[in-house]
């Protein structure tokens, strides 16, 4: 009890403390971040400015672009600032805020990928009923409900974390992740760990199952296309979407659902970079490169 303390700041150790690596990491993450910003901003601009793109699919894509702008922005600018200023500190309130927004936007990315998979299922498997199923009211609900859940879930984790005392302030990560913060606490964290596992089970496992079910039905429908060229085109589009989903959920599984014996600082940091930086950058390219309407609007 005597060793408990209320930390006023934390130290983010990041990827490497070696000076020769810092400049390379700065340039790499700055390029990745700016590429993601430019890609997602262009998609938003195209969708907002072209009335032909005011449809359910592009409405969902616009929301995905907003989330993919915000998710890297919750971690990368602070990391770049620390590298530039040659410091590793983040304040206690700033750490909790960063954890909250990271979780919120990661949850929302997950929900939107699920909703977009359902949208593709309706468009491919029930094309004649698409406009009657994907109404404006349903689309608004499919986005509003996830935003509410994505806001409340990390709020619970943040409030639960705020009641803890910490013995150490050294975080072996490049951002304030809940899995990195809980081991630093002197308090009993069993309830926190249970809530984390329950949330991961409900918020990531269930949507990923829905995505796999949607794409299974989509692939089954595509197999009935008589034209080989039509099959190839459809499979290439769905395959790229599915590959992105597998990348996203694979990285999350490696960080939050694998046994603790398999965890290491390097592995967790690399997996976190995949779903927090790489996937948000790839999303605009994957969802737009094979889309003639969006490419026309961009031009």
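Note that Cβ sites are derived from N, Cα and C of the backbone, with glycine treated the same way.
Caution: TrEMBL annotation is automatic and unverified by curators.
For reference, TrEMBL has these:
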type     : residues : note
TRANSMEM : 21-45    : transmembrane segment
DOMAIN   : 39-287   : domain 'G-protein coupled receptors family 1 profile'
TRANSMEM : 57-76    : transmembrane segment
TRANSMEM : 96-118   : transmembrane segment
TRANSMEM : 130-150  : transmembrane segment
TRANSMEM : 194-222  : transmembrane segment
TRANSMEM : 234-257  : transmembrane segment
TRANSMEM : 269-289  : transmembrane segment
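Touching of the transmembrane segment (21-45) and the transmembrane segment (269-289) is concluded from the presence of at least three CB pairs under 8 A, sequence neighbours closer than 6 excluded. Here the transmembrane segment (130-150) sits against the transmembrane segment (57-76); at least 3 CB pairs are under 8 Å, leaving out pairs fewer than 6 apart in sequence. Same-chain residues lying 6+ beyond the ends of the transmembrane segment (269-289) with a Cβ under 8 Å from its Cβ atoms: 15, 29, 32-33, 35-36, 39-40, 42-43, 61, 64-65, 67-69, 71-72, 75-76, 102, 106, 109, 173-175, 177, 240-241, 243-244, 247-248, 250-252, 254-255, 295, 298. With a cut-off of 8 Å between Cβ atoms, the residues of this chain six or more beyond the transmembrane segment (96-118) that come close are 57, 60-61, 63-64, 67-68, 70-71, 74-75, 78, 90, 142-143, 146-147, 149-151, 153-155, 157-158, 161-162, 175-178, 181, 203-204, 207-208, 210-211, 214-215, 241, 244-245, 248, 252, 275-276, 279-280. Residues 107, 110-111, 113-114, 117-118, 120-121, 124-125, 149, 153, 156-157, 160, 178-179, 182, 231, 234-235, 238, 241-242, 245, 249, 252-253, 256-257 of the same chain lie 6+ residues outside the transmembrane segment (194-222) yet bring a C-beta within less than 8 angstroms of a C-beta in it.
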